[in-house]
Amino acid sequence: MPTEKKNILIPISEQNPKVRERIEQAAIEVLSQKEFHRVTLSEIANQAGASLQTLYKYYGTKEAIRDACVQSSLSKLAVRMFDHLQAIETYKDKLRKVFWVVLEFCESERQVTHMMINSVYPGNWGSDVTDSQKQLTNTFLTVLREGRELGILTDKVSELLLLDYIYGVLLRVCQMYAVRGAQESIVAQAPELFEMLWRSLAKHPDE
């Protein structure tokens, strides 16, 4: 009986970075338009102007392409967040900046937001499966831990629950902003949105 041919992945170090970038940008465009299970590798290949064989050699599976897109997108967000956190003095301003960076990313990278809505299913949102996701989570936790140590944030719930609370607000706001196709700037509304969040996180004088 003939044996099934297996696709041999080319190591990333040997891949053409421009081709890889083109494939991932094409994948984001396609995945932002319809649900993950309805997208085929052929559609991504056609959008990228690459052969199906190249996609198999570079990634192997559709899931791997999606994961690479999520990884690169979250890496950009992590870098922006780290850069913006430098030289900020007050704690509230630091948390405000973290909040602002996420909303700014949501507004400026709408295709990425749509791609994640369509491709990263709810059961996977809490799984820090990539280095970038872990980096973002650790950045958030570091900021929250600092706030609790300074006696600024409430200590009536755990740091992880505080993180879940912030993630819940940001994810919902960003998801619905993208789904509704809102035209107004969400960044322009960031100050008021943050103050609403801050009032629920900050330690009250009587605590």
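Counting starts with 1 at the first residue shown.
Backbone N, Cα and C define each Cβ position, glycine as well.
A TrEMBL annotation is a machine prediction, not a hand-curated record.
Checking the ranges 40-59, 180-199 against TrEMBL, the DNA-binding region annotation falls on 40-59. For the DNA-binding region (40-59), the list of distant contacts is 7-10, 15, 19-20, 22-23, 25-27, 29-30, 65, 68: same-chain residues at least six beyond its ends, Cβ to Cβ under 8 Å.
DSSP states for the DNA-binding region (40-59), grouped as helix (H, G, I), strand (E, B) and coil, give 15 helix, 0 strand, 5 coil.
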